[in-house]
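Engineer: OK, TrEMBL features for this one:
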DOMAIN    1-229  domain 'Deacetylase sirtuin-type'
COILED    61-88  coiled coil
ACT_SITE  His93  active site, proton acceptor
BINDING   Cys101, Cys106, Cys127, Cys130  Zn(2+) binding site
Amino acid sequence: MATPFFAALADSPGLGTDLRTVARLWQAILTIDDDDLEDLVCSGPRPPSIAHASFHFIAELEARRKLLRNYSQNIDGLERRAGASEERVILFHGSFLTATCMRASCRASFCGSEIAVEVAAGTVPFCWKCVHGKKRSVLKPDIVFFGENVPKNVRDNLETDALRADLLLVLRTSLEVSPVARIPQYFQYQVSRILVNREIVTYDFDVELFDTCDSVVAELRKALNLRLASSKPLNAGIDSSRSLFSVALRFFSILIASAMSALRACIRNLRF
């Protein structure tokens with residue numbers, strides 16, 4: 001069975017972060033102070049739970065050669081930390097765990113650990129590989145912001161995978177926002193389609209299971225007689241203040257706070 005596995009996986013305590021989490025920040029930007037915003041973003045992951053078994057379940061499917069592709073809306077890299085390979089994971093919205101220079105002539109890439117000191121100090125990270133005089137370009141987290149195009153490999157892989165798969169398993173997504181909402185269209189007739197969600201979506205699936213991801217995964221494990229290699233919470237044993245995830249979140253909050261400070265200054269300087 002070659003299964004393209006499309007998931008958001010953010011419906012249970014301790015699960016991943018997707019762009020819906022980021023979207024909630026925009027609603028708060030104009031109503032709270034910069035320090036409050038940073039506290040909101042950098043509050044750290046919620047306590048780990050067995051919900052992380054969903055990520056381990058996906059990784060185990062790959063280990064057993066039952067997974068063709070994992071299309072994910074998450075931006076925190078939990079799929080890789082659970083054991084999934086880079087080859088199998090397609091990130092619709094990129095990842096917080098790396099950042100790229102915004103200067104077109106540079107585009108140097110950095111991992112979270114390389115900018116951890118600057119971020120921890122509360123400053124916006126700048127690229128040190130393309131210094132021109134006193135001007136350095138800002139490093140942007142490698143997530144797809146609203147209005148930006150998703151990576152080209154998303155569509156390319158979808159078109160190819162639709163011809164090879166025999167099952168589509170969709171976990172925890174509203175299927176309301178394009179291009180994510182169009183995924184089921186690629187697998188309309190040639191494969192069986194299963195939805196695991198807590199609410200009804202606009203598309204019809206062959207099987208619809210309405211519950212949390214971890215609850216359904218537990219039943220799937222029993223039905224498949226599948227014993228996971230690990231169900232350890234993905235953030236267990238990791239100092240959240242030093243994890244790449246926390247560094248990336250702090251980085252994002254600093255960028256937002258800096259932009260809002262500049263906007264407020266412009267508003268104060270307006271003369272009517």
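Quick reminder: no glycine exception, Cβ is built from N, Cα and C everywhere.
Could you place these features in context, so I can see how deep they sit and what lies close by?
Structural biologist: Over all protein chains present, the Cβ of His93 (active site, proton acceptor) has 22 other Cβ atoms lying within 10 Å.
For Cys101 (Zn(2+) binding site), applying a Cβ distance below 8 Å and a minimum sequence separation of six or more within one chain yields Arg107, Ala108, Ser109, Phe110, Cys127, Lys129, Cys130, Ser137, Val138, Leu139, Lys140.
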Engineer: So among the binding-site residues Cys127, Cys130, who's got the most Cβ atoms within 10 Å?
Structural biologist: Cys127
Engineer: Should His93 (active site, proton acceptor) be counted as helix, strand, or coil on the basis of DSSP?
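Structural biologist: Once the DSSP labels are grouped into three classes, His93 (active site, proton acceptor) ends up as coil.
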Engineer: So which other residues, same chain and not among Cys101, Cys106, Cys127, Cys130, have a Cβ within 8 Å of the centroid of the Cβ atoms at the Zn(2+) site?
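Structural biologist: Not counting the recorded site residues, we get Met102, Arg103, Ser105, Arg107, Ala108, Trp128, Lys129, Arg136, Ser137, Leu139.
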